[in-house]
Amino acid sequence: MLIFEKSSTGRRATAQAPLQQADMEGIPAQFLRRQSASMPEVSEMQVVRHYTQLSQKNFSIDTHFYPLGSCTMKYNPRASNSLASLPGFLARHPLAPETHSQGFMGCMYDLQEMLKEATGMFAVSLSPAAGAQGEFAGVAMIRAYHDARGDDARNEILAPDAAHGTNPASAVMCGYKVREIPTGADGDIDVEALKGVLGSQTAGIMLTNPSTVGVFERRIKEIAGLVHEAGGLLYYDGANLNAILGKVRPGDMGFDVIHMNLHKTFSTPHGGGGPGAGPVGVSERLEPYLPVPMVAQDGEDYVWLTEDNRPESIGRLSAFAGNAGVLLRAYIYARLLGRDGMHRVAEFSTLNANYLLKRLTDVGFDAAFPQRRASHEFILTLKRQARELGVNTMDFAKRLLDFGVHAPTTYFPLLVPECLLIEPTETEAQDELDRFVDVMTTILQEAQNDPEKVKSAPHDLPVRRLDDVRAARDLDLAWRSRAKGER
Amino acid sequence: MPFIPHTEADIQAMLATIGAPDIDALFDEIPPALRCGELEKIPQGMSEMEVGRLMNARARQDGQPLCFIGAGAYDHHIPAAVWQLATRGEFYTSYTPYQAEASQGTLQLLYEFQSMMTALTVMDVSNTSLYDGASALAEAVLMAVRANRKSKSKRILMPRSLHPAYRRVAHSIVRNQGIELVELPFDMESGQTDSLVLEQYAGEDFAALVIPQCNFFGVLESVDELTDWAHTNKMLAIAVANPVALAVLQPPGEWGEQGADICCGEGQPLGAPLASGGPYFGFLTCTQKLVRQMPGRIIGRTLDLDGKTGYTLTLQAREQHIRRSKATSNICTNQGLMVTAATIHMSLLGAEGLERVAAACHANTSKLVKVLSALPGVGPVFKGAVFHERVLRLPLETKDALRSLAAHNVLGGFDLSADYPELGNAVLVCATEMRGDEDIEQYRSKLERVINARIQTPCKLKPDW
Amino acid sequence: MSDTPSELRYAKSHEWVKNEGDGTVTIGITDHAQELLGDLVFVDMPEVGDNVEAGSECAVVESVKAASDIYSPVSGEIIVVNKALDDAPETINDDAFGEGWIFKVKISDAADLDGLLDAAGYDALVAEDA
């Protein structure tokens, strides 16, 4: 039942609004609303109960194992939330003067410095509000760099065919054409094919390493050399930074620009889809183009760098300073971990992934790249099960939900048929991984003995499989009051 | 090991299963020459208590000055239930609802959010949010250019009275696609978009006219006339609105003869704390006709196998994970948690509560303006009606006045001199429902002292700290 | 899979073309193409009066999990679009070669038709992909 359907005319949560009803003195009637908005009229307790009950229909990290590949669903420390929510941080107006911002700015400056060190980049700007905005900023900087040199005939960005869809979409937002590079049978990029398409039209290449197929791109140095030789720049998509934190740095691999997903690697909450934060780091030659604002140190004081003192910047990407509260949470997490903790992120996420891969292949599942080490995640292909048993990846995913496990990422990357991309993260204990193996084994047995049970899953959730076709054909995107009728 | 559950026995057992001698062996595919060192510049880890001490000190350092700045971020009361509910682990630590059956809580909430935003703006459809108001405007501009298949014009009319940061953000985001934002001046007397200048563009080929309500100066624009003008000249009308103001102001869907085509704005006033500028969320609503041009996640109501109502992500073929280079936007997520808070916030306040908040803000700002205008040399710059912000002229340099006020722990407003030098010594002030009579009196008395000091010492005023 | 009609011509990108014999052609997507896409939920049609070039994108068909560009196999002017698909895109799933036609073009160069496949050639192409 929707909150609107719990509404009764005249009922209100009166404690929440100002007691006095002021009038809109001085505003001519033509500007005023004639009919109140059609909002729920409910009591405070109804609201609390309604949304508490809704929350209980969600799977989340706090309640379920959530091995959603490429999303790094690890434990989100409670301290990050409570300390970022201290009154001084919540009350600070984004346009407060620097005199009243030194505490906040100090945190941001420290975070910039820590991210520089962790990624091996020359400079960092925290302002992009999410990974996709970081990607946009990164490609826009590549363009600004070429344009500033008068090298503006470069109109093409390269990306592997296995790349996340955001990569090509971001490149197009920056006015580039996108050309895809094939992935070889071993999961690495096809370097010969890359050589064939590099040229004076190449603005850059967007890579993830470990790649979206869950393995480390071993010839990265060679690739970097080839792209640089052709005059292009290398973009690092930080989606999989969790796998290498403290082990190898994008700057050392030869990347010119990177974005980080702090909601993944630095464990800020995913919040049902956001907010994230997507800081960007660059090599020295791209430094002038970093998005504003940034924080600098001037003697004892922290100062803002804006359009005024960074004229070559690609500009501002949000009205204020990006998702500041997310950045604070990431900072708190980074301070809790420290240098050793960062090494352990890569170590234990990799240990968990390789352990889980080994156990799952031992019980009869097929790895997509059996000759390769897993990074912090790996791909199973259920092609054989789909062919032999008629039970596909979607069916496995839905059946997992019945066992209280959030499904891994399904059908991505597209080039591996019937795939499950599994990322256990470092915060899961061995017993939880073993339980997952048991559940997968059970479902495999069901698929052999009672395939209908798997194909019609889930059975024990608030709803069964939903009619997506109906949802897209007969669009119902908002509740409308029956009394007032359809618009 | 913070957040790592492994015991030494676990590690050994797991390595034995894998068949690796130690954890380091798991990184054997990384060329040894690339391996990095100790990350020396990153400090050692700290306990929660130590980090708590550090963060408390830093949060205290910024004080909690009495704030009369608005300029796109507004200090409203947030009911206690809002964030207690939003930070429940089931909302806080879930992700994008890819598995609909395991995400009905988030999905239904987002559908309710879409319903509330369409009700508030009186538009047909809403997405589930973008990063913030400024980036939502940039996306609205891109939508308008895509929707204009006839002339394919890439020019947009954008008033100078629109938030300067919004104009900068829109420029940063759309310029690489060859889109031109043409600035419309404002009338120096009313503070509204200058209709005479607008008329010079009649008949020209633009994809859209942007209409802020209210504009950056707090001034109400003649939205009916502007919307009709846009439609007469074959442009889309893009509304940029404050959602709290919408509780009392004419909704964009009813502007002019046909209503605005797209409405966007900053969702922060609906339950997000000021918090240094983010996370907030941008909202975006539009007419049914434009639904397939919309960026971002959209939730639809449908039925499950048993005919039971359920909610799911829909119209995904617009999005980057399917359409890749041809997607409507590169955006992947929404600002889910902020929208969770906003939906709960709107449920608690209801239409009447939001109206009360809006009216209280309007009344407090009117009071502030009246009280301050009694000081010598202080007074409103524009004649036009305002919602909850107003531009005041000061008898001394704005920067100096604000610096002195800040030294008294009063943030006296937003300094307009850098963005609008033509306004002289002007400051944009705002008093929400949170600023009571005593607060207003504090501002008045501090400003009086600053002005008197200035009159007594005609040399350049020095900050008194 | 239904039989591939022999009176039609086919593009490698899975469009079919029916020569109406009066200088116009009708264009749709093949039954094989609709099967690959699954249940269609929307067709983004070109505008009547648009000029299209052979091989250019001019429409999009969407299913829940995919979207596919439709390329005009011939050059010319769009003279009619199948409005019925606005409310019933599933017509393409039900009758790809008939009621599920998408648009008609007044061709500017009849030679465009020569480069297209016949039914046997298209069937061979589909068999190769499988």
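Quick reminder: no glycine exception, Cβ is built from N, Cα and C everywhere.
Where the annotation comes from TrEMBL, it is an automatic prediction and has not been curated.
Averaged over the domain 'Aminotransferase class V' (A:157-271), the predicted model has a pLDDT of 96. Annotation source TrEMBL lists domain 'Aminotransferase class V' at A:157-271.
Per TrEMBL, N6-(pyridoxal phosphate)lysine is recorded for A:Lys264. A:Lys264 (N6-(pyridoxal phosphate)lysine) carries a helical DSSP state (H, G or I).
Residues or ranges marked as domain 'Glycine dehydrogenase C-terminal' in TrEMBL: A:347-449.
Within 10 Å of the C-beta of A:Lys264 (N6-(pyridoxal phosphate)lysine) we count 23 further C-beta atoms, all protein chains included. Note: the domain 'Aminotransferase class V' (A:157-271) comprises 36 helix, 28 strand, 51 coil (DSSP; helix = H, G, I, strand = E, B).
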